Amino acid sequence: MKQDLPIPPERPHLYVQPLLEECGEAMLPLSSLSEKITVWPMYYKQGYDGTTPEAYLRKSAALRLVQAAERLPDGHRFVVFDGWRSYQVQGSLYERFKQTLLKQGWEEGEALQAELSKFVAVPSKDVQKPSPHLSGGAVDLTIEGPDGWLDMGTEFDDFSERASTRFYENALSPDEQAKTIRANRRLLYHLMTEAGFVNYPKEWWHYEYGTLSWARQTTGQAMYGGILEIDSENS
Ligand SMILES: C[C@@H](N)C(=O)N[C@H](C)C(=O)O
Ligand SMILES: [Zn+2]
């Protein structure tokens with residue numbers, strides 16, 4: 001059972017910047033792909049300008065998501081919070097988190113930048129080096145079961161240590177709730193990685209395929225450059 005298989009520690013990966021060869025794949029809307037996938041557009045619901053009620057991923061990433069979803073236990077489905085993201089939305093998320101940290105007493109400078117980029121990628125519209133969500137190869141998601149969203153130990157976008165994917169792997173004597181959370185994160189992790197995605201170790205909900213950081217972790221060819229606008233050419 002996937003729930004019994006520990007989430008392995010992050011593997012050492014390439015520190016050189018992989019080359020990106022844009023493959024030209026269009027993006028697919030996720031809400032109509034499978035009964036096992038639903039979209040809960042978190043940033044749209046939170047009122048961010050430039051968001052839409054649909055979530056999009058590049059075609060191969062979307063099809064791999066379907067593959068993973070179809071292996072969910074009966075009565076479960078994926079809940080997608082976000083896929084492709086515009087530069088405007090990436091910038092707003094970054095700015096909002098920065099303001100939160102400043103209110104907590106952080107001061108402008110390198111330490112603040114480092115803390116910020118742990119949880120929100122630096123906004124980049126360089127199509128050869130885009131922030132992951134701008135490429136259409138990154139997805140934020142959880143799992144819904146018969147009784148609602150599974151307990152993953154934190155809310156989506158809880159920017160704390162507890163959000164680290166392996167946080168509950170390290171508990172020495174986990175109580176029943178911690179065991180449940182650990183099993184739920186394992187289920188998501190193994191379904192997604194077996195379908196070819198890589199996880200961002202600081203966030204249990206963030207997975208990527210075909211992006212620069214995916215290439216760094218897998219030595220595969222990065223193939224998703226930045227998409228700056230959704231239009232009829234790329235969706
Ligand atoms: C903001 C959060 N949901 C997320 O997606 N974080 C990663 C690091 C990102 O911004 O690419
Ligand atoms: Zn993400």
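Placed from the backbone N, Cα and C atoms, the Cβ positions cover glycine too.
For the recorded site, Glu203 (active site, proton donor/acceptor), the DSSP three-state label reads coil. Cβ neighbour count for Glu203 (active site, proton donor/acceptor) (all protein chains, 10 Å cutoff from its Cβ): 20. Annotation comment: TrEMBL describes Glu203 as active site, proton donor/acceptor.
Summarising the annotation, TrEMBL assigns Zn(2+) binding site to His133, Asp140, His206. Long-range Cβ neighbours of His206 (Zn(2+) binding site) (same chain, at least 6 residues apart, Cβ-Cβ under 8 Å): Pro132, Ala138, Val139, Asp140, Asn199, Tyr200.
The site 'Transition state stabilizer' annotation in TrEMBL covers Arg85. Within 10 Å of the C-beta of Arg85 (site 'Transition state stabilizer') there are 29 other C-beta atoms, taking all protein chains into account.
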Checking the recorded positions Arg85, His133, Asp140 against ligand 1, those whose Cβ falls under 6 Å of one of its atoms come out as His133, Asp140
Rounded Cα distance in angstrom between Glu203 (active site, proton donor/acceptor) and Arg85 (site 'Transition state stabilizer') is 17
Around the Cβ of His133 (Zn(2+) binding site), other Cβ atoms found within 10 Å total 28
